[in-house]
Amino acid sequence: MKHLITAVAMAASVALAPAQAQTVDQILNQVKSGSLQKSKAAQDLEARFRAAGAGKAAIVANLRAQREALDARSNQLEAQYAANNEELDQIRTARETALGDLKDLFGAVQQVVGETEARFDTSIISAQFPERGANFDEISKKVSNQANDLVSAGEIESVWRELFNELVQQGKVAKFNASVATASGAREQQEVVRVGVFNLVGDGKFLTYGKGGVAELPRQPDGRYLSQAGDLFSASGSGSTVDFALDPTQGRLLDAAVESPSLRERIDQGGPVGYIILGVGLFAALIAFYKILTLFGVAAAVNKQAKNPDSPSDKNPLGRVLKAVKDNPSNDTEAMELRLSEAIMKETPKLTSWLMFLKIVSVVAPLAGLLGTVLGMIETFQSITLFGAGDPKLMAGGISQALVTTVCGLVVAIPIVLLHTAAASKAKRVEEILEEQSAGMVARQIES
């Protein structure tokens, strides 16, 4: 069995050997065939590259020729540019020589035109003549050599004609129609009265003029000025004369008057402390006036009673004092003095009531105002700490508001002190009358 297997294996190996040899030959032939194909492809590619290279060389040669032509053209243009610059410099030099003294004239004209144009931009006369100075820009270009033409004599004359018209219009009060921006933002055609170069007035309102045209002031000044504006608007064109407050600063004083706070706004700046001070002050003033009027009535009744001591009335302090002695007659002088003193002591609190309250208010009001000022200063410096002190108006406005409470305290204290003094002196006078009459009664008792 073993020998049979070995024989079969040997026969199989002998049968496979020719097949393997044939496969190797085929592989070799395939390699040779592939190499030949690659060599042919490389040769074809090389041939194409050579053909393309010949075409590229022609293109390069053509581009080089174009570059040389452009370089020549560039050199020609540069030479022409240099020649033109030289010719232009010669022309400018000749022009400057020909101008001569006109350069000084043009410089003066340019300065006047610039100043006049800036003045016209803010002058309220431009509200009536908006087209004046329309050629100033062109004149400025011509005199500054920014235009091809020279400025003409007529254009120079137009400048001084506009200046002369400005001088003439400064002395006139004129009424004209203009587009006015109202406080609500809408534009309306309205009649406007111009007072020289000082003020613009609408229908009872002050107007302002700027680059945006004519507009109502967002906030009008006091009523007395508004009434003057209304009178001027109504009287314009009639030839009549009215009183009107001019603003010689052409609007700056009016702006300052408008920005200044009203009395109500000042009071609001005082805050709660200011309200308390003014409230207490108003109550104290009412008490003081009531007390003074009452004391005047008491003094009149006492003087009337002093003229008729034999008929005492219990409706006045002196009558009640006299009646206390009359109802309890006694020959003892000391007892009479005690009764009179007791009666006077009963009347004194009625005469001096509320006087201590007025005195306290007159003392406390300035201190409360100082307290409000200190609190306001603290808030001001806290704001400066947070936002910085770059704006002086912030600090000045804060200090101004802080001082309002001090003003409120003084406004309350000063009149209350005066009213307290008047009431106290009147009460003191009534007490003196009571004491005088009492002393007279005691003297008569002693004499009898």
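The backbone N, Cα and C atoms fix where each Cβ goes, and this holds for glycine too.
Because the structure is a prediction, the values reported are computed rather than measured.
Annotated features, as they stand in TrEMBL:
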- 1-21: signal peptide (SIGNAL)
- 60-94: coiled coil (COILED)
- 273-302: transmembrane segment (TRANSMEM)
- 316-435: domain 'MotA/TolQ/ExbB proton channel' (DOMAIN)
- 354-378: transmembrane segment (TRANSMEM)
- 398-419: transmembrane segment (TRANSMEM)
Long-range neighbours of the transmembrane segment (273-302), counting only residues six or more past its ends (CB under 8 A): 267, 315-319, 351, 353-355, 357-358, 361-362, 365, 368-369, 371-372, 375, 404-405, 408-409, 411-412, 415-416, 419-420, 422-423, 426-427, 429-430, 433-434
Secondary structure composition of the domain 'MotA/TolQ/ExbB proton channel' (316-435) [DSSP: H/G/I, E/B, coil]: 107 helix, 0 strand, 13 coil
Within the predicted model, mean pLDDT of the coiled coil (60-94): 87
